[in-house]
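Trainee: Dumping the structure here so I can ask a few things about it.
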Amino acid sequence: SQANFEEDSQKQPAVGHWKTLMPSKGSKEEPETGCQDAGGGDETQSTEQLNVSRLRSSSVEIREKGSEFLKEELHKAQKELKLKDKECERLSKVREQLEQELEELTASLFEEAHKMVREANTKQAASEKQLREARGKIDMLQAEVTALKTLVITSTPSSPNRELHPQLQSPSKAVFRKGHGRNKSTSSAMVSAASQNVTPEPVSHECKEVDSILFAEFQAWKESPTLDKSCSFLDRIYREDVGPCLDFTKQELSELVRVAVEQNTLTIEPVASQTLPVVKVSGEECGGPKKCALSGLPRTCKHRIMLGDSGNYYYISPSCRARITAVCNFFTYIRYIQQGLVRQDVELMYWEVMRLRREMSLAKLGFYPSEM
């Protein structure tokens, strides 16, 4: 029976054999009676246990290998994920930086554009202002050139045209004009008088000799004419002529008059007589028709002065008017020279300056024309 069982077991296929060795849980398979004995059952049981242990070991090995493989894959995925996170973080920083730079660039461009617009508007306004000033200066210079030509044609230093110099006119010829100013270097009187025929006075013959020191100072000033009184030419004239001529009893008012004459803002106008209509003056009047505001002496005042646009009028005597007029004539002539309006020989200009200095000296000593 043992031999038959072994033959049957060898002929039996492996599938049927595995089925007999793996019964379901909770059920016990009874060995077939008459197919195997007690010895054959032990051998079969040991074979089954060996096969089960092999299966279990192979299953554990497969699980371990699978677990290791999954762990490796997981580790790789984590590494890739970390790299991706770092890359995302880097790209995020780059984006933030680019956005910040873009905002700064945009703000800078807008600021620069506004700055350029402001500068353009400022330059345009300055250019327009300069253009207006240049046009005004051109008109003024053209008027001065016209007036100077008229003056040269109709008047000479030795025989001045009385129509062009109101201070030399007689009271009968003087016409009251409100606002006649010494600061108007080219007044309408010059242009209107050009058409009038005036008989020149006889030329007085006198001997003259050029002072070398004074002439050298004038030549040095003529090379670069300026109104700065620090130069030797004007400094001498200020000390010897202008200062003494404008030194009146009322020191404070005298200083104001000197500044107005230097700045060309002094206005002289005749006082209305009884035969002329009364003119109302808005400004404050100092002194009076019977008292000079500069000397403080009781004098008959035929003229009054205004300093700049202050609106205050000061009555002055004929002597004070002659002194102020002499200084104004001197400054008017040197301004013409500075502006290049006098086209004469240097010696002729020098003698005209000396004549104006003589007028200041005479006025300081109290000499003035009877017409004043």
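Keep in mind that glycine also has a Cβ here, set from the backbone N, Cα and C atoms.
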Trainee: Please find, within the list 154-175, 176-197, the residue stretch that TrEMBL describes as region 'Disordered'.
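Mentor: Within the set 154-175, 176-197, TrEMBL attaches region 'Disordered' to 176-197.
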Trainee: Mind checking how the domain 'GDP/GTP exchange factor Sec2 N-terminal' (60-149) divides into helix, strand and coil residues in DSSP?
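Mentor: Summed over the domain 'GDP/GTP exchange factor Sec2 N-terminal' (60-149), the classes give 90 helix, 0 strand, 0 coil.
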